[in-house]
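Trainee: Mind looking over this structure? Questions follow.
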Amino acid sequence: MPEVDRFGRLPWLWITVLVFVLDQLSKAFFQAELSMYQQIVVIPDLFSWTLAYNTGAAFSFLADSSGWQRWLFALIAIVVSAILVVWLKRLKKGETWLAIALALVLGGALGNLYDRMVLGHVVDFILVHWQNRWYFPAFNLADSAITVGAVMLALDMFRSKKSGEAAHG
């Protein structure tokens with residue numbers, strides 16, 4: 001990776017771009033193929049494709065509000081994204097695990113931010129459920145990238161705290 005010292009770990013932004021592109025392509029595909037709330041069962045009693053629009057935050061938090069939440073969540077995503085870019089830029093060469101985690105979170109945040117700004121809602125299409133009795137809120141690839149990145153960040157902090165020094169690499 002050229003000029004890592006000058007650009008920190010910014011070369012890892014290719015992961016951010018990949019997450020963003022795959023997220024947007026998958027959302028476009030499911031919007032073209034499914035009608036609202038239509039389900040295509042992939043694994044009976046466990047996993048389906050569906051189409052849902054979320055005007056709130058994760059797990060539809062504040063989805064029933066009057067619309068102000070769109071701008072609040074967009075502002076939060078912009079601020080968090082800027083912080084993540086600065087954090088990525090300041091990482092040292094051996095902090096690969098952390099760079100990947102931050103790039104995943106950033107890609108997911110930007111994917112959902114794009115939806116929120118352009119469409120006014122986030123497009124969700126993955127539905128995990130159990131025998132028509134329990135349904136996890138629908139989500140998308142951006143949400144998945146944010147979750148994986150956040151778990152990686154938590155593991156990184158746990159490993160760092162346990163050993164007493166940064167556990168990157």
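Cβ atoms are placed via backbone N, Cα and C, with glycine included.
Found this in Swiss-Prot, in case it helps:
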{"type": "ACT_SITE", "residues": "D124", "note": "active site"}
{"type": "ACT_SITE", "residues": "D143", "note": "active site"}
{"type": "TRANSMEM", "residues": "10-30", "note": "transmembrane segment"}
{"type": "TRANSMEM", "residues": "40-60", "note": "transmembrane segment"}
{"type": "TRANSMEM", "residues": "68-88", "note": "transmembrane segment"}
{"type": "TRANSMEM", "residues": "94-114", "note": "transmembrane segment"}
{"type": "TRANSMEM", "residues": "135-155", "note": "transmembrane segment"}
Trainee: Which whole-number value in Å describes the distance between the Cα atoms of D124 (active site) and D143 (active site)?
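Mentor: Taking the Cα atoms only, D124 (active site) lies 9 Å from D143 (active site).
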Trainee: Where, among 10-30, 94-114, 135-155, do we find the most CB pairs under 8 A to the transmembrane segment (40-60)?
Mentor: 135-155
Trainee: Could you tell me what the rest of the chain brings near the transmembrane segment (10-30), counting residues at least six beyond its ends with Cβ under 8 Å?
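Mentor: Contacts with the transmembrane segment (10-30): 1-2, 4, 49, 51, 85, 88-89, 96, 99-100, 102-104, 106-108, 110-112, 114-115, 123, 125, 140-142, 145.
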Trainee: Suppose we draw a 10 Å sphere around the Cβ of D143 (active site). How many other Cβ atoms does it contain, all chains included?
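Mentor: Its Cβ shell of radius 10 Å holds 21 other Cβ atoms.
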Trainee: Once the DSSP letters are reduced so that anything not helix or strand counts as coil, what is D143 (active site)?
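Mentor: DSSP assigns D143 (active site) to helix.
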Trainee: Under DSSP, is D124 (active site) part of a helix or a strand, or is it coil?
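Mentor: In the DSSP reduction, D124 (active site) maps to strand.
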